[in-house]
Structure formats: C-alpha cells, structure tokens
C-alpha cells in the first residue's frame, strides 16, 4: 500500500490553494515585466513582491481570526500581493514608454508613480506586521530588507522635491484610509483598499499640485476634468456621510438639503476650480467639445439608446421578481448583459473618438457615484426606488453598505483610457502590442470575464482546483479575447501588432488565469494587469 508523505501532501495542498496559485501567477507577471524592463528599481520591485507574499499570509490569518483593525470584505483573502504590485509595475511600464519617446518630464513622473506604489505597499505591510501577535519574526526580517532596499534606491533615484511628493501621497493615504475604512466597513479587502484609496490619494495630490501651478501652466482640459470630478465626488460623499451621522437622511428636509448642497458644491466649488485650471468656463468648453463634429453627436445618441436599453433590463428583471419570489436574485448570465452593453458602448468610442469616450466615462462615473449616494442615504424622491431596483443585482462582493459592482465595471473599462500615456506618444498611438492598450478593459472585463462567467456557469464541468471557476470558462475567455483582437485589427487602423502575437497570447492567458483564481474584484484587477503587459 502506497502512503503519501507529509511533503507530498503539503505540495498537493499548495497546488489546490487558490491564494498560492494566484501568487504564482502574479510572480510570473512581475518576472515578465522585468524581463522587458530592467532598471535600478527592478530589484526593489521583486523584493517587494516577495515580502508582500509573506505579509499576505499574515494578513489572511488576521482576517480569519478577526484581529484586523477595520472590517474588511468577508469571504475573500487579503489580496495584498496582487494589489501591491500594480502601481510599481504601472510606473515601470510608463517609464519605459516615456523614456523611449524622450519625454523627460513624464519619465520622472513615472518614477514617482513607481516609488509611491512601493511606499504605500510598505506602509500597508507595516500595519499588518504591527498588529500581528505573535510578531512574525521571519516576515519582519524580509520586510525590513525589502523596505531598506526600496528606501535606499528611492533616495538615490529621486530628487528632493520628488521624495516630498511621495511623502505627501503617503500622508494623504493614511488619513483617507482612516476615514473611508471607518465609514465604509466590509466594502473592501485590504488589497482593494490599497488600490482604491492609493489611487484617490495620488489624484488628490496631483490636483493640489496642478492647482498651485495653475497660473504658470495650462494642461489638457480633459485630464483636469477627471481630477476635479473624482475629488469633488469624494468630498461630497465624506461631507454627507459625516453630516447624516447626526441627522436623519430620509426626511424631505434632509433630502432638500442634500440637493441644495450638491448644487452648491458643483456650481460653487467644482466648476470654479475647473475654470481656474482650464482658464475657460467649463460649460462653454463642454458645449464646444461636444459640438466639434457630427460623429460626436451620433455617438452620443447611440450611447443614450444603450443607456435606455440597460434601464429596460433593470426594470424588466424587477418586474419578473415582482411576479415571483421577493428573494429572487439576478443570475450570472443576466448580470453579464450589462457587460455586453458596456462593450457595445466602449468599442465604437475607442475606434472613432477616444477623447469623447474619456469625457463621457468621467461624467458617467460622477453620475454613478451621485446615484449611489442618493440610494445609500435614501434621499427622496428616488432613494428607495434605487435601493429596490439595484438590490436584485447584488452578489457576494456587495457585502458592505455600498453597491460598487457597477462602479467597478465602469472603472475597469475606463482606467486603460484614463491611464493611456498620450504625451509620450508623438504619433498618437503606441507601436506594436501597445496599440491594444486602450482596449485592455474591453478585453479583460468586457470580453474575457464575460465569456468565462457565461460559458463557465452554463457548460463548465471541470473546475480549477480549489475554486468555483471552470477550465472551460477560462479557455473560452482566452479564445474570445483573441477573436476580439482580430476584429479590432480589422476595424481600427491604428493597431499594428508587428508580429507580437506570442506576447499577446501569453498576456491574455496570464490575465485569464488570474481571473480564475483571484478572490479580489476582477473588474478592477484584470484590466490593470493586462494594461501593464500590453504597455511593454
């Protein structure tokens, strides 16, 4: 009789552990990035990945024992490793592109992004190690070595003003974390909190920096539009969350006060702030921007039609629930209807007018956040209606007070467009595989994740070890993305792959495997990793 040894049993357990396999996939992506990009920060990035892997194990133990400081999203691991590597890898990929184009300013900016991501990851690791009992000696040593390497390298590569900028973002991140994680319990995992709050902290710092330099420089109004809208919506949410801790939000008086203060913030702060940055009245700029060509009006009409279609899907599903069980929830296939609608929205915009798509997606983000505030605070007259309509589409990831799934979907599709390094592209588009960079959200979320969910839930039988995802769904996801890329080549003349097919297939495969094993918000994680790989 053959007996399994403890070593063999341990190896089998690791292979069936989704967190371990997810970490292996992330390490593979990190090595692929540094195979192409190698500079003085590469060793720091690899050391950061190793220490994040150890810290993730410790933080997972804290979540299981209930020893974490804040209430994080349940039924998910901490996600420290995949979250910690996004901003450093993103900065390294942007630096490579800007260095190749000779844009020194944005090359230095990319170095700041990389250093900021590393410092935020180290800060998060120190929090986990500081509250773990007993103190994990081996992990502390590894984190200390990684932290020393990162700090020493940053000191050697950044100027004094750039180091101060990194510390400013870290300070904003600390205070913003205390506010958001306290006000919104169970909405994020530690990794998701790092991505969301870290990104917002960086945006706030950039907006303050550019506002102080506004009299001396004038940038693209489209980029300023994103910064001001994000910060304005954040201020609105924090203000009303603190206010409604002391007063009832469901009364007509409170609702009227909400609408009045929203108008005051928009007309009295956001619009003058944007006017200061772009040196023009925002409404006049927006009207001229929308009326610039006939194609923009046609795209707007087409998007309005799709918005009406999405609304009809919501009302139809709620009507079906009213006829049946009140506990009925929308199936995975039904929720993916919105993914198809979003793909139909973004693809024409990417092909014909990316600037209009950029502005429209930022406007849509502001509308989504405002409607979520109305739903969360039960603001009359539509707060209760929104709560009833959207409750049908809840899943296990919406375990906190906010419903963020649709906002994550919008972010996943839009982030590659917002992060696209336009100033580093003199001819307007990236060469080779880089031509697919703006399509990263459409490929990873709109096509890949949708096909994996639909085919996996309906026809999948062979499951990946330790997960609910199926191999059939992952295979379908990969093939669907390859077919989508072939279609983009036909309809978008700006894309020229230059025979970089092996890298494309490898990138799509790695991201699809990550989708199968991650417990984090895939709508947020997958487009960023595919964006990084396609940038190289």
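Cβ coordinates are placed from backbone N, Cα and C, and glycine is handled just like the others.
According to TrEMBL, the transmembrane segment annotation covers 24-55 (among others).
Long-range contacts of the transmembrane segment (109-128) within the same chain, counting only residues at least 6 positions beyond its ends with a Cβ under 8 Å from a Cβ of the stretch, are 41, 44-45, 48, 51-52, 55, 58-59, 62, 69, 78, 80, 83-88, 90-92, 94-95, 98, 143, 146-147, 150, 154, 157-158, 162-163, 165-167, 169-170, 173-174, 190, 194, 198, 201-202. Under the heading transmembrane segment, TrEMBL lists 109-128 (among others).
Positions annotated as transmembrane segment by TrEMBL: 166-184 (among others).
For the transmembrane segment (191-208), the residues of the chain that approach it from at least six positions outside its boundaries are 72-73, 78-84, 86-87, 113, 116-117, 120-121, 124, 165, 168-170, 172-173, 176-177, 180-181, 226-228, 230-231, 234, 520-521, 524-525, 528, judged by C-beta separation under 8 angstroms. Annotation comment: TrEMBL describes 191-208 (among others) as transmembrane segment.
What TrEMBL records for 224-244 (among others) is transmembrane segment.
Residues annotated as transmembrane segment in TrEMBL: 256-279 (among others).
Beyond its flanks by at least six residues, the transmembrane segment (299-316) meets 290, 334, 337-338, 341, 344-345, 348-349, 352-353, 356, 360, 389-390, 392-393 of its own chain at Cβ-Cβ distances under 8 Å. Here TrEMBL flags 299-316 (among others) as transmembrane segment.
Positions annotated as transmembrane segment by TrEMBL: 358-378 (among others). Tertiary neighbourhood of the transmembrane segment (358-378): same-chain residues 222, 225-226, 229-230, 232-233, 236-237, 240, 244, 249-250, 254, 258, 262, 286, 289, 300, 303, 349, 384, 386-387, 390, 401-404, 406-407, 410-411, 413-414, 417-418, selected by CB-CB distance under 8 Å and a gap of 6+ residues from either end.
Annotated transmembrane segment per TrEMBL: 399-419 (among others), in sequence order.
The feature transmembrane segment is assigned by TrEMBL to 439-459 (among others).
Marked as transmembrane segment by TrEMBL: 471-491 (among others). For the transmembrane segment (471-491), same-chain residues at least 6 beyond its ends with a Cβ under 8 Å from one of its own Cβ atoms are 351, 436, 439, 442-444, 447-449, 451-453, 455-457, 459-464, 497, 504-505, 508-509, 512-513, 515-516.
Summarising the annotation, TrEMBL assigns transmembrane segment to 503-534 (among others). Proximity of distant same-chain residues to the transmembrane segment (503-534), defined by a Cβ-Cβ separation under 8 Å and at least 6 residues beyond the stretch ends, is recorded for 18-19, 21-22, 25-26, 28-29, 32-33, 75-77, 79, 82-83, 86, 89-90, 93, 189, 191-192, 195-196, 397, 404-405, 408-409, 411-413, 415-416, 419, 433-434, 436-437, 440-441, 443-445, 448-449, 452, 464, 467, 469, 473-474, 477-478, 481-482, 485, 497.
The stretch from 166-184, 224-244, 439-459 with the most CB pairs below 8 A to the transmembrane segment (256-279) is 224-244. Beyond its flanks by at least six residues, the transmembrane segment (224-244) meets 179, 183, 200, 203-204, 206-207, 210, 254, 258, 261-262, 265-266, 269-270, 273-274, 277-278, 358-359, 362-363, 365-366, 369-370, 373, 377, 418 of its own chain at Cβ-Cβ distances under 8 Å.
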